[in-house]
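Read the structure below first, then the notes.
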Amino acid sequence: AIAAVITFLILFTIFGNALVILAVLTSRSLRAPQNLFLVSLAAADILVATLIIPFSLANELLGYWYFRRTWCEVYLALDVLFCTSSIVHLCAISLDRYWAVSRALEYNSKRTPRRIKCIILTVWLIAAVISLPPLIYKGDQGPQPRGRPQCKLNQEAWYILASSIGSFFAPCLIMILVYLRIYLIAKRSHCRGPRAKGAPGKGESKQTGQASLGAPSSAKLPNLVSRLVAAREANRHSKSTGEKVEGETPEGPGTPGVPPSWPPLPSSGRGQEEDIYRASPEEEAGDDEEEECEPQAVPVSPASACSPPLQQPQGSRVLATLRGQVLLSRGVGTASGQWWRRRAQLTREKRFTFVLAVVIGVFVLCWFPFFFSYSLGAICPQHCKVPHGLF
């Protein structure tokens, strides 16, 4: 039964990791540089499933080492190499996630395939440094026991502690601290979420004229239109009472309809006066004088009066309301689209980080009993000896 279960796990490991490598190498959407970590990690797991687990299974079932002693030494070194590489890969992936979340703009520009390959090479070098000492320095092995040969890990205390710290405890501590830091960053950004949803980003504030309460959603358009109608009625009333002065530009310091304490509206930068409201073609066919809503005749707030003029995209509309200047149609779509793309990218990063945290948590729980009992045997071999079956 044990042999059947282990054989199934071997085949499942090979098949699943081969699919991961195939997906990353053939799918365009998965060709991001950071996915090279997954390719290297999958390769390490395949090597464990093909070169390590079958011989371990044979050793457990037979009760002794059936193969040559030279292969036993190579087998133990490869065991430490591949398992250490797998764990350190997860540590490198967690650091990559942390840099991608905490230094998004700076790190994404540096996250090139060359840089990722250098990190992967460093991971394999660390694993090699930990796994090669038993091959180079064999130490005092003592008299060989008679009877059936055995293939066991190095029993010297210094190597047990050094390899356990380098292979598991240090990477595990780094991963826990890194994911704790990522969680705090995600929690802080979540607390800022309501404010971010109520107003656009800095770049979008410039595009929308820094509206005092942010760009309105489609649900607020009826209220926006009613305010606009009220503003136009006030403008027509001011024309009939002679309050509007012909020929004045927004740059004029004595603009009527605006309190003297408010700064004048800036020019459009092209030497021409910007229309803040552009009516429909049917209305423009009528009286042009009545269809134009001059900025100085609309009672605007100080925040919108101080804001720069709108850079109106082609085919978009500009509305002047009591709450500031707002771009409609394609203008709003462009600004909000960029904002939502950034939000979607951050959401994907958080989701991927959560999945990796679950995988790493399960991985750590699976490895912890072995490394704990392995290290405990080196610290107090007489009084803290772990039973062979449990080990």
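Using the three backbone atoms N, Cα and C, a Cβ is placed for every residue, glycine included.
Candidates considered were Cys72, Cys83, Cys91. The record in Swiss-Prot pairs Cys151 in a disulfide bond with Cys72. Membrane topology from Swiss-Prot places Thr26 and Tyr66 on either side, one opposite the other. Under the criterion of 3 or more C-beta pairs below 8 Å, with sequence separation of 6 or more, the transmembrane segment (356-379) and the transmembrane segment (37-62) do not qualify as touching, having fewer than 3 such pairs. Among 1-25, 37-62, 118-140, 157-180, 118-140 has the largest number of CB pairs under 8 A with the transmembrane segment (73-95).
Using Cα positions, the member of the recorded sites Asp79, Ser163, Ser167 nearest to Cys151 (disulfide bond) is identified as Asp79.
In sequence order, Val80, Cys83, Thr84, Ile87, Val88, Ala127, Ile130, Phe371 constitute the residues six or more apart from Ser167 (site 'Implicated in catechol agonist binding') in its chain with CB-CB distances below 8 Å. Long-range contacts of the transmembrane segment (37-62) within its own chain (CB-CB distance under 8 A, at least 6 residues past either end) are made by residues 2-3, 6-7, 9-10, 13-14, 17-18, 20-21, 24-25, 75, 78-79, 82-83, 85-86, 89-90, 92-93, 96, 116, 119-120, 123-124, 151. Across the residues of the topological domain 'Cytoplasmic' (96-117), the predicted structure has a mean pLDDT of 87. Cys72 (disulfide bond) is 10 Å away from Asp79 (site 'Implicated in ligand binding') when you measure Cα to Cα.
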